[in-house]
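Please read the structure below before turning to the comments.
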Amino acid sequence: MSQKRVLLIVGGGISAYKAPLLVRALEKRGIGCRIILTKAGSAFVTPLSLASVSHNEVHEELFDLTQEAKMGHIELSRSADLVLVAPATADLMAKAAHGLANDLASTTLLATNKPVMMAPAMNVAMWYHPAVRRTMETLRGDGIHFVGPEEGEMACGEYGPGRMAEPEDIACVVEGFLNGKAVYGSLAGRSAIVTAGPTLEALDPVRFISNRSSGKQGYAIAAALARAGARVTLVSGPTALHDVPGVTMVRVESARDMLAACQSALPADIFVAVAAVADWRPKTMVDVKLKQKSSQGSPNIALVENPDIVATIAQSGTNRPSLVIGFAAETHDVLTYAALKRNNKKCDWMVANDVSGDAMGGDTNAVTLLTPNGHQTWSQAPKEQIAKRLVDTIAQHFSAAAN
Ligand code: CTP
């Protein structure tokens with residue numbers, strides 16, 4: 001079998017310094033590299049170090065007569081099994097989205113007839129900028145594959161998504177892709193609905209029944225799904241959290257409004273019910289427009305049951321999302337109750353969440369994921385990390401189903 005080959009385009013971001021490590025990681029897997037280094041990229045990594053690790057000359061100029069004589073730029077763009085852009089800067093991505101061709105890298109991306117994969121790397125504010133959101137949507141629509149970005153501490157000192165995926169991870173995704181596997185972590189083309197936060201059930205115009213849910217876990221899952229390429233609708237009860245960029249936000253109050261919002265967001269491939277839905281609502285609330293007076297004495301509050309949102313969505317016939325995931329909030333016999341809820345609510349997966357500590361409202365969580373194939377426990381970690389693990393598992397599930 002002939003050696004697999006990647007054409008690596010190194011853009012001008014700080015993570016370009018990791019490009020030699022990426023070349024090494026690819027070579028370790030038997031994947032050879034031809035390299036294009038952009039002018040901005042050469043400010044972070046030298047052509048000499050890339051040439052040394054790849055054992056190939058590094059291409060920099062569009063109209064370099066010496067290089068063109070050996071291999072024209074069109075031929076170069078088709079010389080590999082995959083064109084990999086790492087780091088993919090906001091500038092390079094925007095050029096590719098708009099079909100610009102004013103240097104060797106952008107011309108190659110326009111001229112290639114091979115699959116293209118990008119490893120975005122930029123500051124978190126840039127990643128969330130509407131212009132970059134539009135770029136991502138266009139590139140996904142054009143069939144570009146993505147690996148990362150990762151969430152974490154950035155070179156500029158800020159925290160969030162935008163950091164280039166680690167070279168080993170990129171190489172691993174590339175290897176899988178060249179062996180015919182769907183891109184791990186990619187949910188491009190999938191749609192998801194996430195519920196989050198508490199619901200609020202009014203007793204009168206000023207009082208209500210609610211719970212301590214902060215919405216943090218659900219918001220983190222919505223953000224991670226969006227980062228993996230899914231089209232996400234986040235149906236949120238009242239929270240103090242900001243909208244999640246790149247996600248369609250629907251803010252509701254009551255359980256019944258939350259159900260209606262979820263139903264109008266269908267169809268979707270994935271439904272993740274993270275909301276802590278109030279099981280009961282005051283029976284008379286709909287008629288009571290007047291504030292109850294304390295002089296009326298201790299109120300007798302009759303309650304009626306709210307609809308079960310996840311169970312309703314899981315039994316919505318042809319509109320049923322193919323993967324329905326619930327979150328079971330338990331304080332004791334966590335796995336037993338979670339398994340019961342998975343069955344009773346007709347969920348595919350149930351995430352067992354021990355809320356006897358400060359998981360509800362706190363920044364970390366420890367969960368056990370129950371699926372028809374068994375269960376896996378993820379120890380105490382920031383809610384963003386739990387979200388990423390869940391989304392990676394969702395992506396694996398869809399990629400296994402597709403292969
Ligand atoms: N859920 C829902 N609609 C409800 C109640 C719960 O969609 N009316 C969903 C939650 O979003 C979660 C799952 O069901 O995904 C489990 O919620 P949980 O509060 O743990 O369970 P309950 O059904 O409320 O049962 P209990 O309070 O008795 O433990």
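Cβ coordinates are placed from backbone N, Cα and C, and glycine is handled just like the others.
As the structure is a computational prediction, the values presented were derived from the model and not from experiment.
Listed in TrEMBL:
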- 1-191: region 'Phosphopantothenoylcysteine decarboxylase' (REGION)
- 4-174: domain 'Flavoprotein' (DOMAIN)
- CYS156: active site, proton donor (ACT_SITE)
- 187-396: domain 'DNA/pantothenate metabolism flavoprotein C-terminal' (DOMAIN)
- 192-403: region 'Phosphopantothenate--cysteine ligase' (REGION)
- ASP279, LYS289, PRO307, ASP308, ILE309, VAL310, PHE327, LYS341, LYS345: CTP binding site (BINDING)
- For ILE309 (CTP binding site), the same-chain residues 6+ apart in sequence with C-beta under 8 angstroms from its C-beta are THR195, ALA255, MET258, LEU259, CYS262, ALA273, ALA275, VAL277
- Rounded Cα separation (Å) that holds between PRO307 (CTP binding site) and CYS156 (active site, proton donor): 47
- Message: Of the binding-site residues ASP279, PHE327, LYS345, which one has its Cα closest to the Cα of CYS156 (active site, proton donor)?
- Response: PHE327
- Task: Could you say whether, by DSSP, PHE327 (CTP binding site) belongs to a helix, a strand or a coil region?
- Result: strand
- Query: Roughly where does the domain 'DNA/pantothenate metabolism flavoprotein C-terminal' (187-396) sit in mean pLDDT, to the nearest integer?
  - Reply: 91
- State the three-class DSSP label for ILE309 (CTP binding site), counting H, G and I as helix, E and B as strand, and everything else as coil. helix
- Query: Looking at Cβ-Cβ distances, which residues of the chain lie under 8 angstroms from LYS345 (CTP binding site) while being 6 or more apart from it?
  - Reply: ASP308, VAL310, ALA311, ALA314, GLY326
